[in-house]
């Protein structure tokens, strides 16, 4: 009997020890589970923080890339301006050189002047082999009436672009961009346009759009040509036009102090000064650097002039005739001396509403984009070779 009691007692002690071991193991397992859960939470938090840090670093790297590109563009612009200043200084030095201490034969001087003029003409003639000129106006199409009495509308002369740009008014800072002529025609006024805000207001109606850049005139203390990149919305370059005492180019459009034009050869500036106040002057510009390549004083009078444009290096000035509602090309100036006023055909514009405040030639389409008392008009031109005159 005593042996049985001992066995029962031992069995109870073994059972108690076994239960205590199970309880201990359960507590350890719970503690391990709590630690695993804590590690999981910490790992998830660290992974989230790492993702946020990665996103921040990617954003900062993108910002740095943009700032790097902007800095590169600014450095390129500064380099271009330094080159222009150096060229202008070289030019001033050549113009203000020391006077010779010996007498020079007059015939020798005349020969040198003639040689310089021939070199200038030869240098210019190499810029283009274009020899077209206007024969007549084939058709006229009135698209709509949008905007004020004076303004400019044009298409980017870049071959791959079909966008239309509207400069409404003579002292504004917002260009209206349309994807196509069709969109411009369908739009109620200018409501469907994308507005491009310029950093400064333009002056007059002498603006052009050339290779995704808007070129416009800014007038403060000095006359400046501004080159604005339409794609990234920034000023690529600007330059003071190196002429003093500007005057309005056209007698009938006094707001236009300078008229920019684009043809097959590039960018031109049509202007007038008090030194030659009765006539219009012409300059060829480098569209990239805004440097002046060559300048001419024409025999085309300012009086009664409405607007002008350039085709293949020939300036066409449009005048208001005495006949109501009609205007015509009454003066031409060809930089290559291939066309004179006597040889040029008479080109009359069809009946119009008032006076042209701007005429912009598109060399890809051979069209004139005209602004006439708020109406936007297209003139289709018939061309012929200058040598056929």
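Cβ atoms here come from the backbone N, Cα and C positions, even for glycine.
What TrEMBL says about a protein is an automatic prediction, not a curated fact.
According to TrEMBL, the signal peptide annotation covers 1-16.
Per-residue confidence over the coiled coil (47-88) averages out at a pLDDT of 78. The coiled coil annotation in TrEMBL covers 47-88.
Annotation comment: TrEMBL describes 129-385 as domain 'Olfactomedin-like'.
As annotated by TrEMBL, disulfide bond applies to 130-312. For residue 130 (disulfide bond), the same-chain residues lying six or more positions away in sequence with a CB closer than 8 A to its CB are 263, 264, 265, 312, 313.
If you draw a 10 Å sphere around the CB of residue 312 (disulfide bond), it holds 24 other CB atoms from the protein chains shown.
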